[in-house]
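If you check TrEMBL, you get these features:
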type    : residues                    : note
DOMAIN  : 40-289                      : domain 'Nucleoside phosphorylase'
BINDING : R80, R124, I125, G126, T127 : phosphate binding site
BINDING : Q203, R205                  : substrate binding site
Amino acid sequence: RENFIHLCNPHLEKMKEDILYHFALGTGTHDFPALFGDVKFVCVGGSPSRMRAFIAYIAEELGLGSPGCDYPNICAGTDRYAMYKVGPVLSVSHGMGIPSISIMLHELIKLLYHAKCSNITIVRIGTSGGIGLEPGSVVITRQSVDATFKPQFEQVILGKTVIRSTNLDEQLAKELMQCSKEIGQFNTVIGNTMCTLDFYEGQGRLDGAICLYNEEEKLQYLKEAYDSGVRNIEMESSVFAAMCNLSGVKAAVVCVTLLNRLEGDQISSSHDVLVEYQQRPQKLVGYFIKKSLGKV
């Protein structure tokens with residue numbers, strides 16, 4: 001059964017051309033079905049360099065590229081986001097924080113719609129702070145929760161507060177968990193992910209430029225988060241889940257933890273260790289894509 005992208009915007013049908021400004025793409029200048037019509041998997045992550053590394057990795061895994069092969073940035077006409085493609089896989093950077101990923105997702109969802117893509121799976125791969133987990137653990141998000149541990153994304157639209165669901169695809173999470181078991185290289189759990197508006201105070205850190213609470217209060221908050229089911233903290237998952245839900249897209253969030261926030265606030269692991277940690281979500285999602293395509 002073909003499952004196409006659902007656009008919650010009747011105004012788009014009246015437009016002669018749709019310019020995806022932050023991608024430097026447009027329906028009047030680019031043939032979206034020809035460029036993107038075969039896409040089945042979209043992986044998004046904060047860093048342009050990480051998403052370029054991912055497309056090189058998946059190309060080699062799928063036998064669609066050779067070592068050292070160059071993958072051009074489809075969005076080279078802008079410095080906001082980077083986009084790479086190989087075969088049925090699209091890799092896109094989204095920057096840091098809810099506003100940045102929200103802008104990218106609006107244009108990405110429209111791109112997939114204009115390309116007439118169907119049966120799309122979107123996965124955010126990234127880094128996070130863990131709660132009660134050893135550094136290097138991978139968390140597959142069950143649901144994204146806000147800083148009060150509620151599974152919702154809240155946004156003010158036309159002066160009114162709108163609340164949207166942040167549940168993620170349960171079956172997809174289970175499939176990813178099974179893939180991690182088959183890989184057998186790193187600890188992986190399914191848990192809630194807390195999405196905050198800030199890296200420092202919003203996540204209860206003691207090392208920002210401003211901090212008006214003490215360590216005891218911080219630890220009490222993080223333990224409450226853990227008891228509510230939260231296993232990691234990042235800054236994009238809530239709007240990602242909400243927008244994918246509204247667009248009828250199967251979605252997942254897979255993040256590695258760089259530290260255990262119950263033991264500290266600063267990321268002190270060596271560069272080489274952090275690089276290896278950051279490759280873990282890439283390996284998991286790469287294996288999932290290979291398995292989905294019958295290449296395992």
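Glycine too: its Cβ is placed from the backbone N, Cα and C atoms.
Nobody curates TrEMBL annotations by hand; they come from automatic prediction.
Taking the features listed in TrEMBL, we show where each one sits on the structure.
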residue: R80; record: phosphate binding site; Cβ contacts under 8 Å, 6 or more apart: H22, F23, G95, I103, M104
residue: R124; record: phosphate binding site; Cβ contacts under 8 Å, 6 or more apart: C43, V44, G45, H94, I101, E236, S237, F240, A251, A252, V253, V254, C255
residue: I125; record: phosphate binding site; Cβ contacts under 8 Å, 6 or more apart: C43, V44, G45, F54, V254, C255, P281, Q282, V285
residue: G126; record: phosphate binding site; Cβ contacts under 8 Å, 6 or more apart: G45, G46, E234, E236, V253, V254, C255, V256, P281
residue: T127; record: phosphate binding site; Cβ contacts under 8 Å, 6 or more apart: G46, E234, C255, V256, T257, L258, Y277, Q278
residue: Q203; record: substrate binding site; Cβ contacts under 8 Å, 6 or more apart: G129, T196, I233, R261
residue: R205; record: substrate binding site; Cβ contacts under 8 Å, 6 or more apart: F199, C211, K218, D265
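Taken together, the residues of the domain 'Nucleoside phosphorylase' (40-289) have an average pLDDT of 97.
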